[in-house]
Structures are given as structure tokens and as C-alpha cells.
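Q: Sharing a structure with you now.
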Amino acid sequence: MHRYFERVNRISYEGRQSNNPLAFRHYNPEEIILGKKMKDHLRFAVCYWHNFCWDGTDMFGSGAFERFWQKGGDALELAKLKADVAFEFFYKLNIPFYCFHDIDVAPEGCSLKEYIYNLGVMSDILADKQAETGVKLLWGTANCFTHPRYAAGASTNPDLNIFAYASAQVCQVMQMTKKLGGENYVLWGGREGYESLLNTDLRQEREQIGRFMQMVVDYKYKIGFQGTLLIEPKPQEPTKHQYDYDVATVYGFLKQFGLENEIKVNIEANHATLAGHSFQHEVATAIALGILGSIDANRGDAQLGWDTDQFPNSVEENSLVMYEILKAGGFTTGGLNFDAKVRRQSIDIDDLFYGHIGAIDTMALSLKSAVKILVDGKLDEYVAQRYSGWNSELGRDILEGKMTLDEVAHYAETLVQEPKHRSGQQELLENLINRYIYD
């Protein structure tokens, strides 16, 4: 293996007493928790795009980083160098998975033919890197939003030829994801929305994206891809309004096109913030609807209205997220991908490690707090008691469709006393959660 991060040894667990910034204090991959290794509960992944493709450019300034793998030269050779750097980073960070967009790992080229050739070359190289390091692919996806051709969307584009081009791109990346043993394939519609209703046919675009998703499902079975298909909700940015606004919106879309048993969701914390929801809300909603697939672990900024993609650092927030996931049985093919980037002023190579190490420890500590909540059982007991009336014969008959509205109304007329309002005890439960986290 090449050594581009020479001063960094493979990151290991040193415990809470460690002051080493290049060590885990809470993440012990082999620690057994509820009968499963910590690494198997969390299933961490590093993203290719923020760490190895972004050069520090923002809306108001040019690239602030001087990454040696981003210097000028032959695009395909630079992609090979970037793969060397990325896999050394994955290996030294000691995480099991990574994620990519197609053009993160292979140059797009000047034609579809050149794009397909470059993907083929890089898929062989990535396969070799995976075998060498033991790092696996959590998910792959096609970038159908950056190129100017996708300014008006990919599957929702009014130009049929652009729809076709996006279809070709997705076909190639699904094949590549299968070849590399990817456990999921993600569909994120960054441009699947509108800027103005004045030039938009909402019904037409909805039919287009619905048919596109149906074809993606068909193609999954055609090529024998065994992974999970995921949609990543986001309300806006880069478009004014995206059709995959939040988890509930995505579920309604899936139901409309008969896809609710075929596609799940990849939930990003910062996207929940932009939609006006808590991270826990989106995760809990997906679980309630049976469509939780995977997580993009990051954080936004409540004072800012855009996707800041910061590393997660709140144990308080993520303990409740991990509690929801544990209560639902944990991940199957999904995991925790750090869709996060260092700040533009964090220009040192080591900053990439610091950001991920802090995020990994945050999620590990959150897992431990979530286990306390689950094992103690007091929160579950309270919720069960609060809804206990629905376990009665009457409650079951209502939910099973055995009673009509007027029959329930007649039951209400037989009540001797008015129903009593009961305390929700939110403050007590908040205190209880704080004890699990901070005691």
C-alpha cells in the first residue's frame, strides 16, 4: 500500500483516558454490545466526494485546499492516484465501508463511450483496492446533477434525450456497484424538482420520475443486484423545491407508483434540518413506515438555511437516533456514512482524520447511551402504558376495521364519566434521557 499519510498510524481504540487526537476514545470496533460487535452495529462508511474531490471551493471563493492528488494532469491517472490516497485513508481510519458517486472515482470524459470506458478501468482498480484493504462498498450512486445537461433535472427533465442519458449513467453505476459488492444503491435527486412553476408541468414530471424508479427496480432484478435501493430525501438545494422533500413525502410517492416494498430511504441529518424536522423524527418516521435503509450521519446549522455537511458532534441528538435504530433491530444492508466535510479553513491533511475520529466517537458514545435506554426499558414502558387502552378488545376491533364510526360514537355515549386528560410527562422523560446520556 502507498504511504501518503506517513505520520498517521492506523487509528485504534485507546479508551477514555487517552489524549491522543489520532485515536478513538469511545469506538472500540470489537467490543460486544447486545451480542454484536460495535463495528457491526454502526457500520461506518467514509464518503469519497467531500474528502477526495472537493477542493475547498464555495459560492464566494476558489479552492482553498492544495491536495496533491487534485493537481493538473491526465484525468484517468489522477483518478488512480486519488484511489490510492482514498483507500489508504479508509484503511488507516479503520472503518469497514466507503461510498461514492460515479464521477468521484472516474473522470466523466467527453462522451458516454469515454465515460463507460473510464468507469470500467476504475472499477477494476477499486476491486483490487477493496481486496487489498478489506474495505467494502456500502453504496454507489450516479451523479446526475452536476453536469450542465442536468440543470433542469435528470429523470424529470423536459428533454427526453437527457432522461435517456441519465438512464445510461444509472445502468452503468448499478452494474459497477454490483461488481464491487455494494450493499445498496442510492438515488438522490438533487435537480429533481423545480425553480419556478411558470415553466413546470408537475404531473408530467411526477410521472417521469415514477416511471424512472420503476425501471430502476426492474433493472435491479435484471442484473441480479442483491442490494437495497435507496432514495435520499432532501427538501431543496440545489433546486427551490425537490420532489423527495422528506421521508413522508417519499413514502407517498413510493405508494403512488407501487414501489413501497422495493425502495427504502437513506436519511441525512442535515436534510432533516432543512425540511424543518429533527433527525430523530425522520428516522422514526421511516421505521414506522417500514422503509429505513441507511443513514448519512452529519449535522447542519440551525442558524443557516443550507446544507453545511458538518461532522456530527451531538451525543444528545444521536443517542435518540441510535435508540430508534436499535429498537427497530438495527441495520441490515445500511450503515452510518459520514456525508460530512472539514471546514474550508481546515486545510491540513490531518484535519480529515480529526473530523472523522470525532464523528466516530460521537456515534459510538451515542450507541452506548441508546443501549442504556433500551435495556432499562423505562421509556418503552411509559409509551406502552400510554397507549395501553388500544390493547383492549374495543381498541383492537377499531384498528382491525370491525367497528364503524357510529358504533364507536354509540360506545362514547355509554361512558359514565368524561374521559380524563392525562399528563404526557414530557419533562420527566427528558430528565430520564439526560440521565442515560450524562450519568
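The backbone N, Cα and C atoms fix where each Cβ goes, glycine too.
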Q: Where Swiss-Prot shows Glu268, Asp296, Asp339 binding Mg(2+) 1, which of Glu232, Glu237, Glu381 is named for the same site?
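A: That Mg(2+) 1 site, as Swiss-Prot gives it, pairs Glu268, Asp296, Asp339 with Glu232.
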Q: Check the Cα-Cα distances from His101 (active site) to the binding-site residues Glu268, His271, Asp307, Asp339 and tell me which is shortest.
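A: Result for His101 (active site): the nearest of the binding-site residues is Asp339.
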Q: Give the helix, strand or coil assignment DSSP yields for Asp307 (Mg(2+) 2 binding site).
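A: The residue in question, Asp307 (Mg(2+) 2 binding site), is coil (DSSP, three-state).
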Q: Which chain-mates of Asp307 (Mg(2+) 2 binding site) that are at least 6 residues away have a CB under 8 A from its CB, listed by sequence?
A: Lys234, Glu237, Asn270, His271, Leu274, Gly300
